[in-house]
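Asker: Swiss-Prot lists these features:
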- C79-C87: disulfide bond (DISULFID)
- C213-C236: disulfide bond (DISULFID)
- N41: N-linked glycosylation site (CARBOHYD)
- N111: N-linked glycosylation site (CARBOHYD)
- N151: N-linked glycosylation site (CARBOHYD)
- N164: N-linked glycosylation site (CARBOHYD)
- C271: S-palmitoyl cysteine (LIPID)
- 1-32: signal peptide (SIGNAL)
- 33-247: topological domain 'Extracellular' (TOPO_DOM)
- 269-289: topological domain 'Cytoplasmic' (TOPO_DOM)
- 248-268: transmembrane segment (TRANSMEM)
Amino acid sequence: MTTPAWPRLPHPEIAVVPTLLLGWVLVQVAGAEGIPVKPYNLTWKSTNFKTILEWEPKPINNVYTVQISTALEDWKSICFSITATECDLTSEMAPNVQQTYLARVISLLPNSTGFLEDAVYSNSPEFTPYQETNLGQPKIESFKLVGTKLNVTVRDTQTLARSNGTFLSLRDIFGKNLQYMLYYWRSSTTGKKTAMTNTNEFLIDVDKGQDYCFFVQAVIPSRKDNKKSPESITVCTRLEKGKFREMSFIVVPVILVIIVVIALFLLVCKCRKAKARQSGKEGSPLNIA
């Protein structure tokens, strides 16, 4: 494969041995002499297509400008004369996440205008968001356990990638290439079972009357690296027990009230009967033999 002919600065890049110790020494010397410090350790940080370029060192007497390009485009400046050591390049990649990008960090003196001969810069590694962005932690949107069927729905994660002004979800971008793995087990055991789907929904057979725990993981099998996401939060079914507990909070007090009412009613009736018998005895004539 032919290496893309990336746009270049009109002056040669100064070679620096990429070691942390030498980099620190050069930073101190450059800072003392008022020379722009050459950036190093350029690293891409990307999750669900939110992409940030990071580098070192923190500036002393210099500022940074970040540029980005593709093999077929000129360099475009994004972050101008900043003192931070990171630049968010998401918006530049969002319209075409399958393109391969190259960035460079240019170090300048604070009062420099334009790209002068004393500016120094470093190129980033090439980066293709579609292949290299990390998959974020998925979220279980809903679940339902009915009889012997467990239905689990995974939330369709939205990203900052877009097409025709519309933001895309992971499913929009990867289609059937995005799969989810469900790990599930009876809450009373530890042995896990798995199920795979290329949609966002699972419907699996389970044992009736048992509670289950489960989590999901996003997977892109076609990738060489970064195939799997972190595991989602583990959740467990408690639907039937939950309903029983909710009903008990209502039914038990009602039953107690009914029992009290019945007891009071019986007590009142008993008192009335006793009073009636007492009145009858007092009104009867004496019987003298």
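Keep in mind that glycine also has a Cβ here, set from the backbone N, Cα and C atoms.
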Asker: If you skip the near sequence neighbours and keep only those at least six away, which residues in the chain come within under 8 angstroms of C87 (disulfide bond), Cβ to Cβ?
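Answerer: Looking at Cβ-Cβ distances below 8 Å from C87 (disulfide bond), excluding near sequence neighbours, one finds I52, L53, Y64, V66, I78, C79, A103, V105.
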Asker: Which of the three DSSP states, helix, strand or coil, fits N41 (N-linked glycosylation site)?
Answerer: strand
Asker: Can you count the other CB atoms that lie within 10 A of the CB of C271 (S-palmitoyl cysteine)?
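Answerer: I get 10 for this one.
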Asker: Counting only residues 6+ away in sequence within the same chain, which have a CB under 8 Å from the CB of C213 (disulfide bond)?
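Answerer: Correct list: Y184, W185, R186, S187, T234, V235, C236, T237.
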Asker: Name the one residue among N111, N164, C271 whose Cα is closest in three-dimensional space to that of N41 (N-linked glycosylation site); these are the recorded positions.
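Answerer: So, of the listed recorded positions, the one sitting closest to N41 (N-linked glycosylation site) is N111.
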Asker: Between N164 (N-linked glycosylation site) and N151 (N-linked glycosylation site), how many Å separate their Cα atoms?
Answerer: 34
